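As given in TrEMBL:
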type: REGION; residues: 1-70; note: region 'Disordered'
type: COMPBIAS; residues: 28-39; note: compositional bias 'Basic and acidic residues'
type: DOMAIN; residues: 85-120; note: domain 'EF-hand'
type: DOMAIN; residues: 121-156; note: domain 'EF-hand'
type: COMPBIAS; residues: 205-220; note: compositional bias 'Basic and acidic residues'
type: REGION; residues: 205-233; note: region 'Disordered'
Amino acid sequence: MATDELSSKLSRRLQIEEGAEDPVAVDVPEHENGSEEKPSTANADSELGAKLLRRGELNEGQGEPSQPSMKVFNPYTEFKEFSRKQIKDMEKMFKMYDAGKDNYIDLMELKLMMEKLGAPQTHIGLKNMIKEVDEDLDNKLSFREFLLIFRKAAAGELSEDSGLCVLARLSEIDVSTEGVKGAKTFFEAKVQAINESNRFEAEIRQEQEAKKKQAEEQKQRRAAFKELQSAFK
């Protein structure tokens with residue numbers, strides 16, 4: 001059988017490769033009709049040669065054995081800005097609209113979601129919503145990409161007229177461990193935090209300007225005193 005012969009060849013070549021046997025020259029008779037070897041045998045030999053070459057590279061320390069990716073998505077470690085309760089609430093919402101139960105929200109499911117939230121979108125609007133967070137370009141939302149919506153919302157990276165911004169605002173998910181309800185309130189809190197930061201920076205600038213002014217006044221007083229001293233000499 002061709003399979004047994006191929007297996008025998010592979011075993012012998014591996015033994016030679018590992019130094020278990022010495023190669024022996026063998027006279028191979030030419031085909032009587034001068035025709036080439038059958039394509040199936042040629043393909044098998046080509047595949048065998050590639051495997052042996054790869055085996056030799058690994059034995060010599062060239063390259064690394066390929067292994068399937070074992071990376072598992074963990075929302076609690078990747079999205080540390082959210083609490084467990086927040087992620088649970090987002091997961092609950094995601095599963096609610098995952099009608100196909102395939103762990104994705106496709107275009108039609110997103111359409112239904114936005115209609116249920118009271119903010120229906122056009123077909124193009126829905127496609128743009130998916131496109132904005134569709135990192136793997138499969139035209140649907142995974143749970144990780146769904147979480148990206150709320151990450152972008154929390155970071156203020158969504159425009160107010162964006163469909164994703166509307167989704168985040170209407171989701172009524174608790175987006176703050178301090179109990180802020182709804183994305184709208186969250187945005188207001190973020191604006192307030194920015195204003196407080198700006199006020200802090202303004203106070204620092206005022207202090208620096210006051211110190212600069214005080215130093216200038218001291219310099220002027222010293223100059224006036226020196227001028228007065230020179231007048232009495």
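Quick reminder: no glycine exception, Cβ is built from N, Cα and C everywhere.
Counting residues of the region 'Disordered' (205-233) by DSSP class, helix then strand then coil, yields 27 helix, 0 strand, 2 coil. Taken as a whole, the domain 'EF-hand' (121-156) shows an average pLDDT of 94 in this prediction. In the domain 'EF-hand' (121-156), helix, strand and coil residues by DSSP number 23 helix, 1 strand, 12 coil.
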